[in-house]
Every structure is written in structure tokens, then in C-alpha cells.
Amino acid sequence: MKLAYWMYAGPAHIGTSRVASSFRNVHAIMHAPLGDDYFNVMRSTSERERDFTPVTASVVDRHVSARGSQEKVINNISRKDEEQCPDLIVLTPTCTSSILQEDLQNFVDRASLSSESDVTPADVNYHRVNELQAADRTLEQIVRHYLDRARKQGTLDRSVTDAPSANIIGISTLGFHNQHDCRELKRLLGESGISVNQIIPEGGSLRYLKDLPRAWFNTVPYREVGLMTAIFLEKEYGMPYVSVTPMGISDTAKFIAQMEEIVNAWASVLLERELNYKLYVENQTKFVSQAAWFSKSIDCQNLAGKEAAIFGDATHAASITKILVRETGIRVRCSGTYCKHDAEWFNEQVQGLRDEIPVTEDHTKVGDTIALIEPSAIFGTQMERHIGKRIDIPCGVISSPVHIQNFPPGYRPFLGYEGTNQIADLIYNSFNLGMEDHLLDVFGGHDTKEVSTKSLSTDRNLNWTSEAESELKKIPGFVRGKIKKNTEVFAKQNDITEITVDVMYAAKEKSSS
């Protein structure tokens with residue numbers, strides 16, 4: 001067993017709790033020690049919710065260890081059923097329930113005998129799936145349960161809506177900019193003449209899940225949560241889904257093209273005409289999004305030759321990689337993800353766009369890789385932001401996990417045409433531009449720092465003398481990192497453990513020859 005002091009994705013019960021608390025009038029109960037209920041605080045502070053988080057911890061204590069858990073869990077389910085009258089109570093497995101080998105299905109069966117609410121255990125293997133996989137599975141489980149019930153009761157309406165409509169699947173609490181992305185996606189669909197049938201799980205009602213198949217198609221903005229549900233609806237109800245994430249100019253256009261193809265399959269029959277979004281895409285690209293213009297401006301051309309490192313969830317890391325390479329001309333030295341379960345798809349998306357593909361859950365490996373390649377900027381999670389601070393490389397946060405500053409009150413979508421503007425700002429402001437570092441050194445700016453000769457990499461046997469560090473300080477900031485790296489490479493190749501001024505000049509002569 002390996003002790004993890006940093007996790008990119010949380011444990012399974014966090015994912016189940018995210019989906020349950022996103023729905024309206026759904027309550028989650030976890031059987032866990034008192035400290036495991038940190039989800040409640042995390043959601044209420046980050047999302048700035050005005051109501052209590054509908055998640056209850058059935059606390060494991062010494063009495064439970066002695067007498068067993070069944071009575072306490074069932075009493076908690078019955079109490080929440082009486083107090084809040086939820087439509088559904090989800091009993092989520094935790095590390096504790098797994099270690100104690102508790103039969104959650106038996107708990108649920110007994111509690112259901114006296115409960116007015118529906119009660120179900122989350123069907124996830126706690127030891128094999130993480131937060132994102134559990135959220136994806138829990139959402140699919142809930143949708144499947146209520147559609148199967150409606151079909152058995154004869155209340156399932158299979159007729160599609162008169163006008164084009166879509167379901168947005170995967171918007172959830174604590175998702176990275178999910179609320180802003182949802183608003184932008186609704187705007188994009190609305191301007192395309194497509195109404196939103198349902199949004200799940202965020203703000204969705206279980207009573208209306210039976211109407212999901214009435215939409216013409218589904219959209220899944222993030223692969224991490226919602227893909228299993230979309231695949232289920234396609235297989236069981238013949239509902240197509242748009243698989244492209246509308247992030248960046250190119251992929252937003254692909255999203256609309258895929259949407260047009262799906263809509264016209266129905267429109268030619270129901271509307272007796274076909275829809276064409278070519279003019280809409282042109283107008284949005286020219287007049288709403290500034291990203292296309294920005295990519296041709298002198299400001300963006302100043303980024304030519306810059307290098308970046310990218311790490312995050314599969315959706316955001318792949319999309320940002322494509323935007324940097326194809327839309328801004330920035331070289332991506334490494335692009336990786338912590339979603340090991342989706343590594344095959346990720347590799348396909350970034351094939352030919354990067355030098356290295358770190359697929360790992362170990363943040364120390366990510367840190368070492370970044371320290372070795374020394375990119376001009378990093379785009380990653382909050383952990384990569386910390387890494388960047390340690391080695392003095394700027395970082396733009398593009399993916400969960402994040403801190404509260406990445407739950408902005410203002411409008412900051414990453415999807416759609418307004419999202420392209422936000423991403424362009426993020427990219428441009430994440431680089432140290434032109435002579436910025438040099439001017440700060442010359443004029444004694446407040447950001448002037450001591451030269452760092454330390455690295456996160458495992459090669460820690462190089463020491464810089466004070467004279468060499470002083471000489472390194474005299475070099476303009478915008479080329480200082482490259483010279484430092486070349487000097488260290490020269491020292492390693494020649495088995496030199498102490499870098500002096502003479503070694504620096506020898507390295508310079510070697511690189512010039």
C-alpha cells in the first residue's frame with residue numbers, strides 16, 4: 001500500500017456525493033469516520049451555496065466497531081427520510097465500509113421497508129475507481145434506474161420534441177468552471193435554435209428523468225462525468241450524442257458541425273427543411289470570439305518559440321494542447337493527464353502535438369518532468385501551480401483539482417466562443433512576455449527575485465558556487481533559464497559536480513561551437 005499525500009482525483013465517495021448533491025431533492029449518506037465528511041465544507045465554500053449540502057455522515061465510532069453498523073446506518077436513513085422527504089437517498093460506499101465488509105445492499109433493503117423515499121446503494125467499487133469514475137457511474141446508475149422504472153410503469157414517453165432539443169449531461173457541483181460552461185453552452189444551443197430539454201445532474205429533478213429520451217440528442221462537454229450515461233442512452237434508446245468538447249475555435253466549429261449532422265437527420269422529416277450553421281460559425285468566429293484575430297496579432301506572434309507543459313484531466317489537457325499547438329503556434333513539450341483509465345483516448349487526441357505524454361497520478365513525476373524541460377509556462381491543476389512557484393515558472397490553471405480562486409464569481413467559461421476569449425487571455429497572461437523579466441531586473445521591479453539554482457528533479461548533485469550564481473544573475477531573465485539548463489547539462493556530461501564561472505564559460509563555448 002502506498003501513502004498518497006496528494007491526490008489529483010479524490011476517493012469514490014466524493015464522486016458519488018458530487019452527483020447526488022447536484023440533483024434536486026437527493027440525499028447522500030456515507031458510513032465513514034467523522035473526518036471524511038469534508039465534502040460538505042468543500043462544496044459549501046467553493047460553490048458558495050446558500051443551503052446545506054445534502055450529504056450526511058453516518059459516523060463510525062467505537063460503538064459501531066463493537067456492535068456493527070447496520071442499526072446506525074438504517075436509523076440515519078430513516079431519520080433523513082422523515083426530516084427532509086427526499087426523492088432518493090443514495091448510500092455511498094467508503095473505505096471504512098469496504099474494510100468492514102459491510103453489506104450495503106442489505107442495509108438498503110431493510111431501510112426501504114419503512115422509508116417513503118427511494119433508497120439505493122451507489123454501485124461503485126471503492127478500491128478500484130476514483131472520484132471521476134464513481135461520479136460517472138453513479139449518474140448512469142440513477143438515470144438507468146428511473147428510466148427502467150418509467151418503462152415498466154408505462155409512463156415513458158418516447159416521442160421527440162417538436163422543435164430541436166438537447167440534453168446537457170455531466171454538469172455537476174465542484175466541476176471546473178462547470179456553471180459558467182453550462183451557461184455558455186445554453187447560449188450556443190439557443191442561438192442555434194435548439195432548446196435545452198434537461199441538464200443533469202446539476203439542478204435536475206428525478207421526476208423528469210423519464211423525459212430524457214424526448215431530446216433529439218445529448219451533449220457531453222466533459223468525458224470525465226456523463227459519458228457512461230450518454231452511451232447508455234444511445235444503446236438503449238437510440239439517442240446520438242455529440243462527443244466533441246466545444247473548447248477552442250476549431251473544436252467549437254467541430255461541435256457545431258456534429259450537432260448539425262445529428263439535427264438534420266430529424267429536421268428533414270419533422271421540420272421538412274435542413275438547418276445550416278455555416279453563417280453562424282463564421283459570425284461567431286469573426287465578431288464574438290477574439291481568439292482568431294488574436295492568433296494573428298503581433299501579441300500572439302511574440303509567443304512564437306515559447307514552450308509549454310500541460311497536465312490535467314483528459315478533457316481539458318487534450319483541448320488546451322490542441323489550442324496551444326494549432327491556434328497559437330506554441331510548442332508543447334509535454335502534455336499529460338492523471339485520468340489513467342482514459343489514457344488511450346487521450347493519447348489519440350494529442351498524437352503528434354507534444355514531445356512527451358506523462359500519464360500518471362504521481363505529482364512528483366510530473367514535477368520532475370517539468371523541472372527538467374523548463375518550459376516558458378505551465379498549464380495544469382493547482383498542484384502544477386505550486387510546482388511552478390517552486391521553480392519560478394508561471395502557471396495557468398486549466399483543470400481540477402483547484403482552490404477557491406478557481407471558482408470565480410464572475411463569468412469565466414472555457415466552452416463556446418466566449419470561452420475562446422477567456423482561454424486566450426489565460427494563455428497570454430501566463431507567459432513572461434518579451435523583455436518583462438529583464439526590465440524588472442533593470443528598474444528594480446517588485447517581482448525581482450533571487451536566482452534559483454535548485455530543481456525538482458532527482459539530479460541534486462550539482463552545486464553552484466556563489467560567484468557562479470552572481471554571474472547568472474547578470475544574464476537577462478528571458479534567457480537565464482536556458483543558459484542555466486545548458487550549463488547543468490554540460491556539467492553532467494563532463495562529470496562536474498560544482499558549477500563555477502569557468503564552467504559556465506566552458507558551457508557557453510561548447511554550445512557556440
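Yeah, the Cβs are placed from backbone N, Cα and C, and that goes for glycine too.
Residues or ranges marked as active site, proton donor by TrEMBL: D299. Using a 10 Å radius centred on the Cβ of D299 (active site, proton donor) and all shown protein chains, the other Cβ atoms total 13.
Taken from TrEMBL, the feature [4Fe-4S] cluster binding site applies to D36. Taking Cβ-Cβ distances under 8 Å and a sequence gap of 6 or more within the same chain, the neighbours of D36 ([4Fe-4S] cluster binding site) are H13, M30, A57, T94, C95, T96.
The annotation substrate binding site is assigned in TrEMBL to G434, M435.
Residues or ranges marked as domain 'Nitrogenase/oxidoreductase component 1' in TrEMBL: 12-431.
For the domain 'Nitrogenase/oxidoreductase component 1' (12-431), the model's pLDDT averages out at 91.
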